[in-house]
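Novice: Before I ask anything, let me first share the structure, which is written out below as structure tokens.
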Amino acid sequence: MEPFTNDRLQLPRNMIENSMFEEEPDVVDLAKEPCLHPLEPDEVEYEPRGSRLLVRGLGEHEMEEDEEDYESSAKLLGMSFMNRSSGLRNSATGYRQSPDGACSVPSARTMVVCAFVIVVAVSVIMVIYLLPRCTFTKEGCHKKNQSIGLIQPFATNGKLFPWAQIRLPTAVVPLRYELSLHPNLTSMTFRGSVTISVQALQVTWNIILHSTGHNISRVTFMSAVSSQEKQAEILEYAYHGQIAIVAPEALLAGHNYTLKIEYSANISSSYYGFYGFSYTDESNEKKYFAATQFEPLAARSAFPCFDEPAFKATFIIKIIRDEQYTALSNMPKKSSVVLDDGLVQDEFSESVKMSTYLVAFIVGEMKNLSQDVNGTLVSIYAVPEKIGQVHYALETTVKLLEFFQNYFEIQYPLKKLDLVAIPDFEAGAMENWGLLTFREETLLYDSNTSSMADRKLVTKIIAHELAHQWFGNLVTMKWWNDLWLNEGFATFMEYFSLEKIFKELSSYEDFLDARFKTMKKDSLNSSHPISSSVQSSEQIEEMFDSLSYFKGSSLLLMLKTYLSEDVFQHAVVLYLHNHSYASIQSDDLWDSFNEVTNQTLDVKRMMKTWTLQKGFPLVTVQKKGKELFIQQERFFLNMKPEIQPSDTSYLWHIPLSYVTEGRNYSKYQSVSLLDKKSGVINLTEEVLWVKVNINMNGYYIVHYADDDWEALIHQLKINPYVLSDKDRANLINNIFELAGLGKVPLKRAFDLINYLGNENHTAPITEALFQTDLIYNLLEKLGYMDLASRLVTRVFKLLQNQIQQQTWTDEGTPSMRELRSALLEFACTHNLGNCSTTAMKLFDDWMASNGTQSLPTDVMTTVFKVGAKTDKGWSFLLGKYISIGSEAEKNKILEALASSEDVRKLYWLMKSSLNGDNFRTQKLSFIIRTVGRHFPGHLLAWDFVKENWNKLVQKFPLGSYTIQNIVAGSTYLFSTKTHLSEVQAFFENQSEATFRLRCVQEALEVIQLNIQWMEKNLKSLTWWL
């Protein structure tokens, strides 16, 4: 998507700019697609659909008591507050009758208000009269020469606001920010001053930028040729989070100017923007901390700025703090000065050119451990009592930094690299340039309580955020429609780097599992292309989903495999060198690949079939003699005819790889490109079987003819290790997904996993457990307990030998240790063998030692879950959660607490986390997902979400990853039409923006698919079991 450009002549000041009434190709018509932008975390305002004429200052929130009663009644009756008509609202006061024979006399206040309304109405009518005519339909205006496009908005002071687009104009661009902040961590307020050097690219009177929640006290303007500061008028349009600085003189193209804005604001109580919180240290003393989380749209809440990724600039940051605190920002500290009042002012060096969402600063009590790496000082920060848990992160960061510098052939450009573990942080981590922020659990590692999965998590997250220093920071997408360029590349490099320098962690197993789950999401009708047009805040937030991260990275894996690792690296290095410190779009990446391939392959044409279409292909293979007949169509889980894609609407350019019997993987991998609906591959000889999509490096599902499926099933029975563990897991995944679609009998899927008694690798076993667990959950939640029990018994018989071989230790390779965790959790969850007895003995001994006895870290979660089944065990775990300092151990305890079958305990857990009591609100989505995984918690989780929806969307932005997880985690196991209707009715009664959320549509579709799966497979499952 191209950034918004304004190449129109600027009208004289205080007049409406013509450009705001013309639609840009990438701008949504707000008469049809309004942006519902959250103004503050605790005050979300919505305007009625199609209305852009909100006039503030007219007492729009001042309802009479009768009107408030009507509002309450309307909500009780299920009426949508946003869709009520003004006629209904006025009728609430229509029942007030005057005494008989008397005429009511309007008060002076009423007459003044009426006169003001009349003036505003006349102004609006004049504006509309002077604009091009439009006949509005349900869909809005479509013809540019007949449409007003966007109706002129009003500023908060009632004046016309000179800009109506969500995107900022490009008539003025920032060059440098000088930001000074003085936070008060006791009152949770701050004072700020920002001086912005800008350049005018076109003649204009107005400078439009972002600002939300600021009490602006003074704005001055100065041109580069004059040293005289002049007062400037400021207008605010809070609906878009924008302010307009009306300059005292025209800004001339090519000239530089300086704005200075002085303001004050509250430190946010949510997790977005410049936010603060308190925590209790190991001495039970209350401590205060402030940090930032600006991505994607929250820098504007910390300081007025041009808050779009393409508006890159440099930053000089000063922070005034109390002496006991440490202040950090993106760049190294330049100086510290003690002020007259005893406060300290830290000034940081001027930054490199970067986007606003990457700006960061932290104030709190911290300690650090550091190491120099070729002139860059790498430091890991944590609160003082947890500094002993940063050693692994430092060692890992040093190795990864050296690897990325060598691979990208570009040195990390800053003199320091800080990684900070923040006690209360909602995101997993954030890649702020030079100041990476993390949850404690994703950065700290305690060898006594952190499992192999914990170690792998810390390593992956550090790798991901370091990769962002090049992909996202050095080279940045122009707009959020191409977020996948940031997140897809960082995710790909995360796994790629681990395979190179931490090969023992077998991170490919995690990447494979992530691809399986992402493809399940991408097979829904509610999916979206990874490069999608976005405008509103909700749409931007929704781009932060598994498709941007894992589909994006999966496509890069497929491309690397097809082109070769050397060609791929050469293209990536060229891309980074060509676009350093710039803003780019997808075509710039593909152009680099085309340059490296010398146009022998049109990479851009090939990859656009993957980035601009939602979904992925189903490749159907039939072997006849020495030929493979191939066809492609979209893999689509929903079988309803009315939403089936047409056969001609989807076509991908698919790199097809395959291996046959007796062929060595490294020498005999064959690759072809299918860029048509069907094709034929000639084999050198007749073979018994063929496995397409080697190691699942391609982003597609493969369906074989009946005989070919049977040949593969037979091969797994006689010798599964002819195929790689990735391919065995791939076959399990594909056949169960096809069975759900009805392409393969469910019996055949279970026939394929009959070989599992001979399987000893993690990926195939965990994928089989995942697929059968989905079926178990559907059966259990619908009350088919006998069938569910028989299913578990059958799976247990297949894996009985492997389960009995497991020891309750932390011995073995990382992959073996993770397999042990999965197998023992399966056995104890379903009370199979002597698993629960052994776990309970370990728990009792641990509890008797008051939690001081060491437990094997890889089975700790399973032990805690078994122990939490008793009231005494649950209460003991709760006490330990509150008192211990290891985040790794706390997470294991929390999962056990949330796995209880006691609904009172579960409700208390969710409520406590929502309120931030005992459990931080950052844990809430994890708690809801865990509660929703079990019976009867899945019903309770949904009830809790319904009851507290308004509070949830106040704490977390609408469309955010947290809201996505909460909606999915509380509904994904519903499989009845009653629940479908209930979920749909609930969200229909929320705001229109809420119902349109992709995660809501996905939740409804998943419930429909669960119903569809049961209707299609229940009978055959009953017969087979």
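All positions are counted from 1 along the displayed chain.
Including glycine, each Cβ sits where the backbone N, Cα and C put it.
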Novice: Given that Swiss-Prot annotates G428, A429, M430, E431, N432 as binding substrate, state which candidate in E282, E285, E295 belongs to that site as well.
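Specialist: Checking E282, E285, E295 against Swiss-Prot: the substrate site match is E295.
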Novice: Check the candidates N83, N664 against Swiss-Prot and report the one noted as N-linked glycosylation site.
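Specialist: Swiss-Prot annotates N-linked glycosylation site at N664; the rest carry no such entry.
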Novice: Using only C-alpha positions, which one of N256, N374, E465, N598, N989 is spatially nearest N578 (N-linked glycosylation site)? These are the recorded positions in the record.
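Specialist: That would be N598, nearest by Cα distance.
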Novice: Could you tell me which of these glycosylation sites, N256, N374, N598, has the greatest number of Cβ atoms within 10 Å of its own Cβ?
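Specialist: That would be N256, with the most Cβ atoms nearby.
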Novice: Find the one among the glycosylation sites N256, N525, N682, N834 whose C-alpha lies closest to that of N448 (N-linked glycosylation site).
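Specialist: Out of the listed candidates, the nearest Cα belongs to N834.
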Novice: Under 8 Å between C-beta atoms and at least six apart in sequence, can you list the same-chain neighbours of N215 (N-linked glycosylation site), or say none if there are none?
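Specialist: In sequence order, Y263, S264, A265 meet the Cβ cut-off.
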Novice: Same-chain residues six or more away whose CB lies under 8 A from the CB of N760 (N-linked glycosylation site)?
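Specialist: Within the chain, N760 (N-linked glycosylation site) has Cβ neighbours under 8 Å at Q802.
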Novice: Quick one: what's DSSP say for N682 (N-linked glycosylation site), helix, strand or coil?
Specialist: strand
Novice: Just give me the nearest neighbour of N256 (N-linked glycosylation site) among the recorded positions N374, E465, N525, N682, Cα to Cα.
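Specialist: With Cα distances computed to N256 (N-linked glycosylation site), the winner among N374, E465, N525, N682 is E465.
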